[in-house]
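One structure is given below, encoded as C-alpha cells.
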Amino acid sequence: SLSQLPAPQNPKIRLYNAEQVLSWEPVSPSNGSGPVVYQGFPLHFNVSLRVRAELEERVSPWVTVPWFQHYRNVTIGPPENIWVTPGEGSLIVRLSPPFDIHDSMVVFQYYVHYWEKAGIQQVKGPFMTNSIVLNALKPLRVYCLRVQAWLLWTKPNVSRPGHLSNISCSKTMEDASTKLQQVILIAMGTFLLLLAMAGACLFMVLKYRGLVKYWFQSPPSIPVQIEEYLKDPAQPILEVLDKDSSPKEEACDSVSVVLFPEKEEEGVLQSTLKESIDLVHQPAGRGLS
C-alpha cells in the first residue's frame, strides 16, 4: 500500500568490545521529501533486534536480526594502555582490559606471547591481574612481546579469544649475578694486564741489562785532594797535588859486565851471576863496579 515503505535489507549485528552495532541496507522510497528514520529495540543481555524504516506516515515492515548474546558473540580487541618496564632479568607488563565488565560472572584472562629478538616465541598465562611479571629472562637482552585477552564467561562456560596487541620490545636490566661476573672479569683483566706489563718490563731489563747498569751505576768519586780543598779552600791546591803526586825515589844498583877470553868465559859468568844474586839480597845504595 501507499502507507508502506520497503523493508530494510541484509540486517547485521557487529559486537566489538562494548559496542553493539546494527547495520542494514538503507531504504529507497519512490517519493518523499524528508529523511528516512530507522527504529530499533533497546539492548538486553539476550537480544533479538528488529528494524524498520519510517517516512512521514509511511512505515516499512519489521526486519528481525538473528538472536545473539553479547558475551558469546562479541569480537574482543587487544588490551589497551600497555606499558612495559624493564627489570633485573625480567619485564613488568601493565595493561588495561579491552572494555569494562560489570558482571561478576565474566572475567578477562591474559596471555603474553614473548620471544628474545630473533628467537623462538613462548607463551605465558593465564594471568588474572593487570600487572604481569615475566621472570627468568636473560639479562641485558632485547625481548619482544604481544598480549592477548580472553573473555571467560563462567556460567555457560564460554571462552572468547581476543586480538593480539601490537609488538612491543624492551631490553632487560642486569641482575646481581651479572654484576658480580662483571666485577670478576674486570678484576681478572686488570690482574692479567699488570702481569703482562711486569713480564714486558722484565724482558726489557734482561735484554738491555748492560744499558740499564750503565744508567744506574754510581757516579765517580771526588779525589781526596780535591775533597780536602773543597773543605778548606784556603789551602793551595797545586802544592798539595805536587806533594802527593811527586814520584818516590827508587833505590837501584849499578851492574858492570866485564868480558874475558872464551876460555875463562864460563867461570867468569858463573862468578858474575853469583855476585848479582848476592846484590839482590843486599840493602839499597850499595853499588858494584
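Heads up, the Cβ atoms here are built off N, Cα and C, so glycines get one too.
These come from TrEMBL:
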DOMAIN    78-175  domain 'Fibronectin type-III'
TRANSMEM  183-206  transmembrane segment
PLDDT averaged over the residues of the domain 'Fibronectin type-III' (78-175): 92
Number of helical, extended and coil residues in the domain 'Fibronectin type-III' (78-175), per DSSP: 0 helix, 61 strand, 37 coil
